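Novice: Following this message is one structure expressed as structure tokens.
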Amino acid sequence: MAMVQPKSQKLRLFTTHLLLLIFIAAIMFPLLMVIAISLREGNFATGSLIPDTISWEHWRLALGFSVEHADGRVTPPPFPVLLWLWNSIKVAGITAIGIVALSTTCAYAFARMRFPGKATLLKGMLIFQMFPAVLSLVALYALFDRLGQYLPFVGLNTHGGVIFAYMGGIALHVWTIKGYFETIDGSLEEAAALDGATPWQAFRLVLVPLSVPILAVVFILSFIAAITEVPVASLLLRDVNSYTLAVGMQQYLNPQNYLWGDFAAAAVLSAIPITVVFLLAQRWLVNGLTAGGVKG
């Protein structure tokens, strides 16, 4: 005999689905609008969601090709968007790898070792991480200006300097990985030690392979944060050819000439690396997010 759902339950189900559809539409509308702007003729921010005439001129300029107009005019690419995109991927990738390496080793020390001041250090790291990076811009500029005199590859207007600055924000990741490490039974490392493994071997061959989900989460979050960051990169990078895409895209929004179409095409390009990284790591993402809670 078939089960008949009461009307109240059907109403709740309908309301839930309706709210979810509205939520998804609210998320998708800005993305679709940006794509629509990149496909319109001219550099206009307003217009219909579906362009009357699809034009690829903004995409051609973003990809480094010149555009020839009907009257014979040729518009060269105004900015090296693909170079900016490569700079973003390089900086974000190296930063994410470095943050994962530093955070993992620090978290292992806090989770497995005993030393004086451990609790104070943990709390201090978390407190300092709560202050926005904008408050430290003047100090960062002075620091990298002086540092560049001795180590030019990490000075001003270098990607090394930007990466070095980004890698300072590891406190939250250390807490997250530490919480994950504490969920792993220490007897596994003790068994490895009985078999003759050193602490480093137990960490590298036992703990790290079991922690891949949370490391994937930290990598993704670090990659996204680095590839979308603007204040620090715009402070340290001065040469147009060294810009990351997030910084370079601001060149399209000159007060005398807002190039909204070109800006939209570059914005869509900037989302491609994040999407690719997310898709490659999604198999570990859910497990890592649910298992990375910090224990009390």
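Every residue, even glycine, has its Cβ placed from backbone N, Cα and C.
Note that the coordinates shown come from a computational prediction; the quantities given were computed from them, not determined experimentally.
Pulled the feature table from Swiss-Prot, pasting it below:
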TOPO_DOM  1-12  topological domain 'Cytoplasmic'
TRANSMEM  13-35  transmembrane segment
TOPO_DOM  36-88  topological domain 'Periplasmic'
DOMAIN    85-281  domain 'ABC transmembrane type-1'
TRANSMEM  89-111  transmembrane segment
TOPO_DOM  112-123  topological domain 'Cytoplasmic'
TRANSMEM  124-143  transmembrane segment
TOPO_DOM  144-152  topological domain 'Periplasmic'
TRANSMEM  153-175  transmembrane segment
TOPO_DOM  176-204  topological domain 'Cytoplasmic'
TRANSMEM  205-227  transmembrane segment
TOPO_DOM  228-257  topological domain 'Periplasmic'
TRANSMEM  258-280  transmembrane segment
TOPO_DOM  281-296  topological domain 'Cytoplasmic'
Novice: What else in the chain is close to the transmembrane segment (205-227), if you only count residues 6 or more beyond its ends and a Cβ gap under 8 Å?
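Specialist: Answer is 88-89, 91-93, 95-97, 99-100, 103-104, 108, 166, 169, 173, 176-177, 180-181, 184, 188-189, 192, 197, 244-246, 270, 273-274, 277-278, 281, 284-285, 287-289, 291-292.
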Novice: Apart from its near flanks, which chain residues at least 6 from the ends of the transmembrane segment (124-143) lie with a Cβ under 8 angstroms of it?
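Specialist: Sequence-remote neighbours of the transmembrane segment (124-143) are 156, 165, 169, 171-172, 174-175, 231-232, 235-236.
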